[in-house]
Amino acid sequence: MDPLSSVQPASYVGFDTITNQIEHRLLKKGFQFNIMVVGQSGLGKSTLINTLFASHLIDSATGDDISALPVTKTTEMKISTHTLVEDRVRLNINVIDTPGFGDFIDNSKAWEPIVKYIKEQHSQYLRKELTAQRERFITDTRVHAILYFLQPNGKELSRLDVEALKRLTEIANVIPVIGKSDTLTLDERTEFRELIQNEFEKYNFKIYPYDSEELTDEELELNRSVRSIIPFAVVGSENEIEINGETFRGRKTRWSAINVEDINQCDFVYLREFLIRTHLQDLIETTSYIHYEGFRARQLIALKENANSRSSAHMSSNAIQR
C-alpha cells in the first residue's frame, strides 16, 4: 500500500477529536507571550502597549520628565507580568520595558544590557532543557517580539539605531514602529517610511516577518503586504473621546482629534492585526525554532569543543607522565 494514500475508516473511530483535546489542553495551560519595547523616552512606548492589549499593563512617565529616567546611565530592564483572559483564552504576558535606552549624552553600547538580557533568557531555558529531570513545562521567558521605536523626525537612522538594530535583529524578532507619528503629515510619513525601508535594505537588517519554504502563497503575500507598511506609523491612547456623537479611542490636539483606530490617520490597526491576530503564534515559534535554536546549537558546539580540549589535554598529560 502506498504510505501516502488516504484511507477512510469503515466506521467512526474518533481520532478527529484530537483537535478538541489539544484545544482543551491549551486553554487549560494558557499561552505565554513576552514582548519588549525599545526606544527613547517620550515616544509613547507604554501607551502603545496598553492600547494594543486594551489593558493598563505598564505605567508611563509623564512627557519627558527627567525625574522618571533611571538614576544610573545605563539601559535597565523593567518587567511587568499580567494574565489576560479573552473568550476562555488565557494569555500570560510579560512586557519588558527598557528605560534609559538612548536617553543620555553618551549612548554608546546602550544596546548591550538588552542583548545580554535576551541571551540570558535563552541560556536559562537551555539549562532547564539539559537538566537530568527537566520540568514538563519549562517556563518561557524568551523574548518573542521587540517593538523598536523610531523618532518621528523624518531623518535617516541614527548611529544608535543602526548599531542597536544590527545586534537585535540577529537574536530576536524586531518590529520597527514610528512613535507618535501624528507629529508628521501624511506625506511626511510616506517619505519617512520609504527612507527607513531603504535604510533597512542598506544595512541588510533581518526585520520580522521572515519568509520560508514552508509558507503558503497566501502567507507569503501577507508577509509582503506587512513589509510594505513597516515601520508602522503608530499612535496610542488609553482614553476614549467623543467627537460629533462618535466615541473612539484617541486624543484631542489643538487642531483636531486623533482616532487611533482610523487607518487613514495611523497604522495602529495594521500593527494590532499583524502582531496579535495573524502572527502571534509565529512570533513564539520563530523565537524557538530560529533564534533559540541558533543559540542552542552554538552553545552545544562550544561545550563539545571544550570537552574535547580537556580530553586532549588530559591525554597529553598522561603521555608526559609516562
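Using N, Cα and C of the backbone, Cβ positions are placed for all residues, glycine too.
Classification of Gly39 (GTP binding site) by DSSP places it in coil, neither helical nor stranded. What Swiss-Prot records for 39-46, Thr74, Gly100, 180-188, Gly236, Arg251 is GTP binding site.
Mean pLDDT, taken over the domain 'Septin-type G' (29-302), works out to 93 on the 0 to 100 scale. Residues or ranges marked as domain 'Septin-type G' in Swiss-Prot: 29-302.
The N-acetylmethionine annotation in Swiss-Prot covers Met1 and rests on a large-scale study or a structure entry.
Sequence annotations record features per position, and here Swiss-Prot assigns phosphothreonine to Thr216. In the three-state DSSP reading, Thr216 (phosphothreonine) counts as coil.
Under the heading region 'G1 motif', Swiss-Prot lists 39-46.
Residues or ranges marked as region 'G3 motif' by Swiss-Prot: 97-100.
If you look up Swiss-Prot, you'll see 179-182 marked as region 'G4 motif', on the strength of sequence analysis. For the region 'G4 motif' (179-182), the DSSP counts in helix, strand and coil order read 2 helix, 0 strand, 2 coil.
Least crowded of the binding-site residues (Gly39, Gly42, Gly100), judged by neighbouring Cβ atoms within 10 Å of its own Cβ: Gly42.
Among residues of the same chain six or more beyond the region 'G4 motif' (179-182), those with a C-beta under 8 A of the stretch's C-beta atoms are 39, 42-45, 48, 149-152, 189, 233-235, 253, 258, 265-267. All protein chains considered, the CB of Thr185 (GTP binding site) has 10 other CB atoms within 10 Å. Break the region 'G3 motif' (97-100) down by DSSP state and the numbers are 0 helix, 1 strand, 3 coil. Most buried of the binding-site residues Asp182, Glu188, judged by other Cβ atoms within 10 Å, is Asp182. In this structure the alpha carbons, written CA, of Gly100 (GTP binding site) and Thr216 (phosphothreonine) are 41 Å apart.
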